[in-house]
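Peer 1: Summarising the annotation, TrEMBL assigns NADP(+) binding site to Leu9, Gly10, Leu11, Gly12, Thr13, Val14, Gly15, Gly16. According to TrEMBL, the feature NADPH binding site maps to Lys105. Per TrEMBL, L-homoserine binding site is recorded for Glu190. Positions annotated as active site, proton donor by TrEMBL: Lys205. Feature annotation from TrEMBL assigns domain 'ACT' to 345-418.
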Amino acid sequence: MKKVGVALLGLGTVGGGTYRILRDMHDDIMATDGIDIEIRHILEKDTAKVEALGVDPDIVSTDINNVVNDPEIKVVAEFFGGIEPARSFLIAALKAGKSIVTANKEMFSKCWSDLEAAAREGGGGLYFEASCVGGVPVIRALTSSMQGNRINSIMGIVNGTTNFILTKMADEGLEYADVLKEAQRLGYAEANPSADVDGFDSMYKLSILSTLCFHKKVPLDKIYREGISKISKVDIEYGKRFGYTLKLLAIGKCVDGKIEARVHPAFILENNPLASVKGSFNAVLINGNNVGDIMLYGRGAGDLPTGSAIVSDIVYAAAQTEHMRFPYGEAEADAFADDFTSEYYVRMTVEDKAGVLAKVATAFGKYGVSINSVQQQADEGKASIIFMIHRTAESKINKAIAEIKSLNEVISVDSLIRVM
């Protein structure tokens, strides 16, 4: 039986869930994995959290040195969130020879190279399964189950808050602002929801996942990001008529040696496996050159789903004699796509008069943008026109839209949504 000391940095939602799993599953882990996990220290200043979980106060403090200087602690799990003090505490633990486990996607995506350098110096390992899709084991799949493949692409729904909002908008015909308020009331969205609804959370996760897929660092400033705050129920309804479902997607591809990385809303066909992912659930679709498509699905957030991923990493780290290294967390990819191609949905409001449609079509044609279909609906001197556009470069459609906006008869270009 191998006995391993563990420290938990924080007892918030996920930290508390992790503590409960380690406590309640202790004997099961010993029976199945032969590892006796001992929680030797917890960093937490909120005594109410400590008391609520029934934690022995003798193992609780606010001093990271109690963790770093304990030679019996082999694995340190962090739950603070944010960059500091999480980064500094984990680097100190790594330099002391400990392995670290984290769900902190922002810190990890921004500080991976620093953590890797400290891990090499101290001999410990980096474990970050919970950082990307909560309880869905996508990191383990990419690092341990896909070695017989070159990854061509990864596409997923990796943020539960935005998927909850878009699902409610689609199923109940509600506007974005109304569903956001409900999501905040239910605890799915923060009081300041920007990290989720503006795509930052998905961007952090995509940086990590794309780096693992393509073995080159994909920094945040190379990822195109667009959120869902401008999405209208009108667009979701029109999408349904065309057989599409709207999702916020994180997409990474390697095309002709160039990496594409983007986060944005997109229409996907209703028979796409990601279209059936509802509510706060997450899913990731990975394409390998030999295995083809595989999909991983499950809860992407929450105390116990994310805690289960943390515990899995703790047990896995404890069992290792040599830890996996990630040198591609340092060397930035040298080729990124500077343009993307997609089909598009475009909705605009124009004056309801003869010749307007022809002018708009001419502007599209000027930049080589081909129209697939058009629908028009008139209302009191105005008309709403919906164009479905054949696959074209983003640069071309952006130039066409800029010219269309300058036409006197065009009141507004209301929506431009990619179609996958």
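Don't overthink the numbers, they just go from 1 along the chain as shown.
Using the three backbone atoms N, Cα and C, a Cβ is placed for every residue, glycine included.
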Peer 1: How many whole Å apart are the CA atoms of Leu9 (NADP(+) binding site) and the residue listed as 'active site, proton donor'?
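Peer 2: With the alpha carbons as reference points, the distance is 21 Å.
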Peer 1: For the residue listed as 'active site, proton donor', which of these binding-site residues sit within 10 Å, Cα to Cα: Leu11, Thr13, Val14, Lys105?
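Peer 2: The binding-site residues close to the residue listed as 'active site, proton donor' (Cα within 10 Å), listed in sequence order, are Lys105.
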Peer 1: Per-residue pLDDT averaged over the domain 'ACT' (345-418) comes to what?
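Peer 2: Across the domain 'ACT' (345-418), the average pLDDT comes out at 95.
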Peer 1: Could you give the Cα-Cα distance between the residue listed as 'L-homoserine binding site' and Gly15 (NADP(+) binding site), in whole Å?
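Peer 2: Per the Cα atoms, the residue listed as 'L-homoserine binding site' and Gly15 (NADP(+) binding site) stand 18 Å apart.
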Peer 1: Enumerate the residues of the same chain, Leu9, Gly10, Leu11, Gly12, Thr13, Val14, Gly15, Gly16 excluded, that satisfy the criterion Cβ within 8 A of the mean position of the Cβ atoms of the recorded NADP(+) site; list them in sequence order.
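Peer 2: Other same-chain residues with Cβ inside the cutoff are Leu8, Gly17, Thr18, Tyr19, Glu44, Lys49, Phe79.
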Peer 1: When you measure from the Cβ of Glu190 (L-homoserine binding site), how many other Cβ atoms are you left with inside 10 Å?
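Peer 2: For Glu190 (L-homoserine binding site), the count of other Cβ atoms within 10 Å is 13.
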Peer 1: Output the one of Gly10, Gly12, Gly15, Gly16 that, of all these binding-site residues, has the highest number of other Cβ atoms within 10 Å of its Cβ.
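Peer 2: When each Cβ's neighbours within 10 Å are tallied, Gly15 tops the list.
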Peer 1: If you draw a 10 Å sphere around the Cβ of Lys105 (NADPH binding site), how many other Cβ atoms fall inside it, taking every protein chain shown into account?
Peer 2: 26
Peer 1: Let's see if you can do this one: DSSP helix, strand and coil counts over the domain 'ACT' (345-418), in that order.
Peer 2: 23 helix, 37 strand, 14 coil
